[in-house]
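Novice: What follows is a single structure, and I will ask about it in a moment.
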Amino acid sequence: MTTLTITRPDDWHLHLRDGDVLTDTVRDSGRYNGRALIMPNLVPPVITTEQALSYRERIQAVNSSNTFAPIMSLYLTEKTTSDEIRKAKATGYIVAAKLYPAGATTNSDSGVSDVQKVYPILKTMQEEGMLLLIHGEVTTHDIDIFDREKTFLDTVLAPIVNDFPELKIVLEHITTKDAADFVKNAGPNVAATITAHHLLFNRNHMLVGGIKPHFYCLPILKRNTHQLALIEAATSGSPKFFLGTDSAPHSKEKKEAACGCAGSYTAHASIELYTEVFENEGKLDNLEAFASFNGPDFYNLPRNTDTITLVKEAWITPETMSFGNDVVVPIRAGEAVEWLVK
């Protein structure tokens with residue numbers, strides 16, 4: 001039987017939601033991750049240090065794993081203050097602030113409409129060593145949804161990188177060759193997370209033979225040429241790319257609707273799905289760096305010291321999984337996953 005032992009991985013982009021669903025989402029993500037960076041786009045958004053620490057307490061209250069720890073982030077708004085950034089940084093639990101362009105994704109209505117308005121905050125973040133996480137899409141209606149990431153790189157991200165060269169920036173859940181190339185060519189303070197579903201799927205999986213709502217996420221799946229570029233970047237061994245699932249659960253009812261929510265649930269099998277990608281590319285030797293080393297190295301945090309073991313043993317993903325009082329349909333529902341964490 002084929003086995004693979006790696007340093008315990010981390011998830012640098014995770015949505016746990018809030019309320020009664022936390023019991024399920026924390027269980028799934030805590031099964032083998034050492035740490036997870038928790039996204040702040042709740043309703044209302046996590047915009048203050050107190051809100052972030054309170055959210056962390058709610059997560060920890062249902063966290064039964066002694067190897068899993070949540071890392072928190074703030075939701076950046078045009079009203080965020082420099083004092084709030086300093087206060088958050090001083091806690092030791094909040095390591096980043098997330099820039100959501102207003103209207104770009106789930107619960108992003110409180111996001112930033114004009115990046116220039118948060119430039120004073122970015123200056124403070126650069127001084128304090130607080131990382132900037134970015135959902136990299138423009139939201140103007142004249143830009144096609146498949147082009148919003150590329151346009152963001154040219155019009156928003158490039159000026160930020162130029163104006164704040166010492167600010168550490170993570171371009172989250174990249175979906176295009178353009179984004180992968182931007183990160184590769186940028187300086188050492190720019191990195192990116194890549195999801196399992198953007199490595200495994202392209203827009204044909206979502207649209208051919210009928211609409212598959214559980215593949216609908218933001219940024220949206222792109223054509224296969226972009227998928228191949230993401231696979232190359234993720235498996236390359238470059239320290240600029242690391243694991244961030246963007247596992248984003250919604251109830252089955254909210255996904256299978258006339259106006260369905262954006263987000264795919266992969267926390268139930270994230271490392272197993274990434275392992276498939278690396279195996280298919282003949283790059284299993286690079287999985288540990290992508291999953292376990294590059295993230296903490298970029299965040300200036302220690303690597304995990306324990307390990308997990310994956311076994312090449314197929315198992316069938318449940319059709320649905322518990323999600324508070326509802327159910328969530330996970331990626332690969334009813335289908336085989338080729339690796340299993342023992």
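Placement of Cβ uses the backbone N, Cα and C atoms for every residue, glycine included.
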Novice: According to Swiss-Prot, K98, H135 bind Zn(2+) 2; identify which of H173, H197 is listed for that same site.
Specialist: H173
Novice: For the substrate site that Swiss-Prot lists with H15, L16, R17, N41, H135, H250, A262, give the additional residue from the candidates L74, L167, L218.
Specialist: L218
Novice: Look at the Zn(2+) 1 binding annotation in Swiss-Prot, where H13, H15, K98 are given, and name the residue from D178, D181, D246 listed for that site too.
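Specialist: The record-listed residue among the candidates is D246.
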Novice: What is the number of other Cβ atoms found within 10 Å of the Cβ of R17 (substrate binding site)?
Specialist: 22
Novice: Whole-number answer please: how many Å between the C-alpha atoms of H15 (Zn(2+) 1 binding site) and N41 (substrate binding site)?
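Specialist: Between the Cα atoms of H15 (Zn(2+) 1 binding site) and N41 (substrate binding site), the distance comes to 8 Å.
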Novice: Using a Cβ-Cβ cut-off under 8 angstroms and a sequence gap of six or more, which residues of the chain neighbour D246 (Zn(2+) 1 binding site)?
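Specialist: In sequence order, H13, L14, H15, E172, H173, T193, T195, H197, C217, G263, S264 meet the Cβ cut-off.
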Novice: Could you tell me the C-alpha distance between L218 (substrate binding site) and K98 (Zn(2+) 1 binding site) in angstrom, no decimals?
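Specialist: On Cα coordinates alone, these residues lie 15 Å apart.
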